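Student: This is the structure I want to talk about, given as structure tokens.
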Ligand code: NA
Ligand code: NA
């Protein structure tokens with residue numbers, strides 16, 4: 001059978017099986033097993049566990065659970081609340097100070113967490129009730145936290161950047177740096193919208209400054225000191241010649257666990273177990289998808305689908321920006337349904353040769369891809385951040401959360417467009433720190 | 001009929017070219033046989049190819065044999081410091097009874113060799129040049145191959161194990177002080193941008209790695225005589241090309257490093273002897289202890305003039 | 001994403017089996033968390049040994065990899081118990097109660113089959129590595145059957161947890177896709 005026809009069949013079956021409600025990783029395994037059995041015989045089926053093992057057999061994957069532990073440890077303390085309170089006291093003169101502080105806290109927290117749901121939960125637990133109390137519209141409050149939480153995978157460290165780095169064999173240190181400026185740019189766009197939406201809702205009163213004394217402003221500062229220590233410690237380990245990027249993740253996890261236990265007095269074994277349980281749950285889920293996607297990629301390559309599809313697209317000879325538009329549309333749709341890790345792993349083998357041929361920078365593209373994945377986190381039906389908001393703010397309806405998040409999706413699309421016109425936003429910092437690629 | 005060939009190398013690599021030559025020759029022979037190449041580890045990861053090959057789940061591969069040293073300790077001899085002196089010596093070794101012994105072990109695993117070939121390599125360092133064992137003392141080194149790690153450790157170096165994708169960053173950050181790998185890998189890792197000194201393979205070289213093209217034996221036996229003949233003819237052509245190009249790789253890497261302004265060091269016969277004496281005490285000893293019949297194989301390899 | 005399984009009345013048939021399996025899966029979770037924490041400290045040890053003591057790091061990288069593989073594979077049944085494996089539940093939620101129940105049986109059985117397949121073949125891989133005394137091709141050279149052992153064990157326990165889920169579904173301890181009808 002022609003590999004392209006086979007590819008179409010795989011696409012159809014994958015969609016049908018994933019929509020059946022089976023878990024994403026298992027769905028990928030079912031499709032792989034079925035196609036390998038029919039088109040390659042039992043010999044490939046026998047190897048599935050070995051391929052599964054081989055896909056986990058890499059030191060780099062260590063950084064995924066480690067960066068998840070980092071976020072979970074901090075999220076379990078009141079560190080997120082401290083951070084946002086400090087920002088609020090200092091940003092009091094800024095209109096919409098509270099929502100701006102929340103978004104800023106999300107961005108800073110993202111610098112210590114590799115995953116988006118953790119960022120969302122850490123800031124939202126305190127931030128959403130506070131915003132509601134002070135009269136911000138529910139939709140703005142929920143949407144800002146849902147969207148701000150997605151910065152967790154754009155501002156380093158980032159689990160999805162690690163997965164991209166593994167799949168494309170690009171430098172993870174460089175990928176991390178590429179996300180910094182776009183991450184803060186996106187934060188700025190979110191803030192602009194949040195202020196505008198609050199103003200438009202007529203609750204202008206909440207935008208007016210609340211007064212804090214200088215004493216209040218300074219007494220909060222020691223409470224955000226641990227954050228700075230952790231962030232600087234991780235940066236020093238990563239870019240200062242102590243450890244490789246993957247090893248740095250372990251340093252970060254130790255620093256954050258230590259900070260949670262010593263500074264925030266998380267002595268209780270039950271509290272420590274909660275952190276470990278939550279991070280085990282998230283990292284096993286992600287690594288299972290990674291390994292299953294590896295089996296899926298083997299099936300696609302073995303049946304020559306990956307290679308044929310890449311050749312076919314390369315032969316289309318469309319304008320490179322049209323190509324980029326189509327790729328974005330495709331990623332956007334895939335992101336609606338699938339968790340970021342699955343999208344990256346399933347598409348990277350096909351997309352990379354195409355991007356290479358069209359001379360797109362792989363680090364710049366990683367940022368575009370990540371913003372696409374961020375959109376997926378706040379759109380139904382599978383939007384991890386939406387579920388998080390739903391569980392931390394049960395008094396806000398899912399509908400309100402969705403409607404409130406929608407304009408932030410607009411901000412993200414705008415960010416992608418800006419990045420297409422000014423690629424330097426992503427590539428400037430890595431070039432500055434690590435030399436031109 | 002279609003055979004699947006997997007390897008870990010990029011399409012610009014010499015070893016991909018070897019696979020292509022065989023595939024092209026077989027196609028030109030018009031014997032109803034095609035070889036489909038899966039480069040860059042797009043089917044199997046680098047170190048995961050031997051087992052599927054021996055089970056017939058994979059038909060062919062171009063493969064550094066020492067990667068399978070965990071399954072067959074004898075293969076560790078195909079990447080042992082000081083065993084091969086230069087490319088001519090490697091060619092004589094390929095034709096020696098020692099290689100027949102290796103072939104017999106391959107056959108036991110239902111694998112046979114189509115194309116024999118060695119590639120050479122050297123050292124790149126972030127500090128002083130590495131020519132003698134004393135030079136690596138106190139350095140953190142990533143070495144390619146178990147035998148080299150054992151020898152460098154005996155020389156007083158610290159061995160760091162890390163994935164090859166992290167070596168560039170590790171060198172840049174001085175997590176690693178020196179690297180030992182093949183000439184072409186140095187260039188593909190772009191280490192000329194970082195290294196202060198490069199010790200290439202020249203008239204004498206320490207690092208030689210056996211990287212043959214292998215085929216599953218049952219698969220080969222199941223082919224028609226015409227198909228087998230076409231494969232063997234293609235393999236012979238590829239083997240001659242492999243030897244010629246392997247020498248050029250070393251020279252090309254020197255050119256790349258020299259252009260980048262990296263100091264080029266040279267290893268003398270005396271340096272080589274010092275390394276080999278050290279290897280006697282470390283990696284050779286370890287090898288003999290771990291491989292059944294190890295001493296006999298080692299002697300056979302060393303006896304090749 | 002349905003929440004954790006609701007507490008079930010103890011008198012129902014099959015409840016004992018389901019509870020026992022849940023206990024085993026929870027143990028798996030502890031084991032996975034322990035492996036992750038050990039990997040964390042081994043990594044820090046490696047950095048210390050290399051950066052501060054300037055000594056060789058021979059075994060750490062590989063040990064960390066195997067610990068993380070163990071954490072992942074042994075963690076599978078635990079995360080299944082927590083309903084932590086993310087899925088697309090758009091269609092199941094849109095269906096009527098009967099169709100949803102049927103779909104729940106179909107997806108759970110399909111999962112069971114494919115994981116059992118993996119468990120079965122992993123057993124052979126483990127056996128081959130054990131039988132032939134395969135080692136890793138590094139200086140440390142640990143026997144490969146040790147890391148390979150997590151595959152049959154992890155997938156096997158995953159199968160057990162899926163069986164318990166099937167029993168819970170059949171006996172009404174658990175609702176299809178976690179959706180209880182009013
Ligand atoms: Na982050
Ligand atoms: Na989504």
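Quick reminder: no glycine exception, Cβ is built from N, Cα and C everywhere.
Quick caveat, the model's predicted, so the values are computed rather than measured.
Reproduced below are the annotations present in TrEMBL:
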| type | residues | note |
| --- | --- | --- |
| TRANSMEM | A:6-39 | transmembrane segment |
| DOMAIN | A:13-425 | domain 'TRAP C4-dicarboxylate transport system permease DctM subunit' |
| TRANSMEM | A:51-74 | transmembrane segment |
| TRANSMEM | A:94-114 | transmembrane segment |
| TRANSMEM | A:135-155 | transmembrane segment |
| TRANSMEM | A:175-199 | transmembrane segment |
| TRANSMEM | A:220-239 | transmembrane segment |
| TRANSMEM | A:245-264 | transmembrane segment |
| TRANSMEM | A:284-305 | transmembrane segment |
| TRANSMEM | A:325-352 | transmembrane segment |
| TRANSMEM | A:364-389 | transmembrane segment |
| TRANSMEM | A:401-429 | transmembrane segment |
Student: Find the member of A:6-39, A:94-114, A:175-199, A:284-305, A:401-429 that has more C-beta pairs under 8 Å to the transmembrane segment (A:220-239) than any other listed stretch.
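Tutor: Between the candidates A:6-39, A:94-114, A:175-199, A:284-305, A:401-429, the best contact partner of the transmembrane segment (A:220-239) is A:94-114.
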Student: Kindly say whether the transmembrane segment (A:51-74) and the transmembrane segment (A:284-305) touch, using the definition of 3 or more Cβ pairs under 8 Å where each pair is 6 or more positions apart.
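Tutor: Between the transmembrane segment (A:51-74) and the transmembrane segment (A:284-305), contact is present.
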Student: Do at least three C-beta pairs under 8 angstroms join the transmembrane segment (A:325-352) to the transmembrane segment (A:94-114), pairs 6 or more apart in sequence?
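Tutor: No, the transmembrane segment (A:325-352) and the transmembrane segment (A:94-114) are not in contact.
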Student: Would you say the transmembrane segment (A:175-199) and the transmembrane segment (A:94-114) are in contact under the rule of three or more C-beta pairs closer than 8 Å, pairs 6 or more apart in sequence?
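Tutor: Counting Cβ pairs under 8 Å (6 or more apart in sequence), the transmembrane segment (A:94-114) reaches the transmembrane segment (A:175-199), since there are 3 or more.
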Student: Go through the chain and flag residues at least 6 beyond the ends of the transmembrane segment (A:284-305) whose CB is under 8 A from any CB in it; none is fine as an answer.
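Tutor: That would be 3-4, 6-7, 10, 24-26, 28-29, 31-32, 35-36, 39-40, 44, 48, 51-56, 61, 64-65, 68, 159, 163, 339, 341-342, 345-346, 349.
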Student: Does the transmembrane segment (A:175-199) come near the transmembrane segment (A:401-429), with 3+ Cβ pairs under 8 Å (pairs 6 or more apart)?
Tutor: yes
Student: Given a Cβ distance threshold of under 8 angstroms, which distant residues of the chain, six or more beyond its ends, lie next to the transmembrane segment (A:135-155)?
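Tutor: Non-local partners: 71, 98-99, 102-103, 105-107, 109-111, 113-121, 123-124, 127-128, 161, 179-180, 182-184, 186-187, 190, 194, 197-198, 201, 203, 205-206, 340, 367, 370-371, 373-375, 377-378, 383, 385-386, 388-389, 393, 396, 400-401, 403-409, 411-412.
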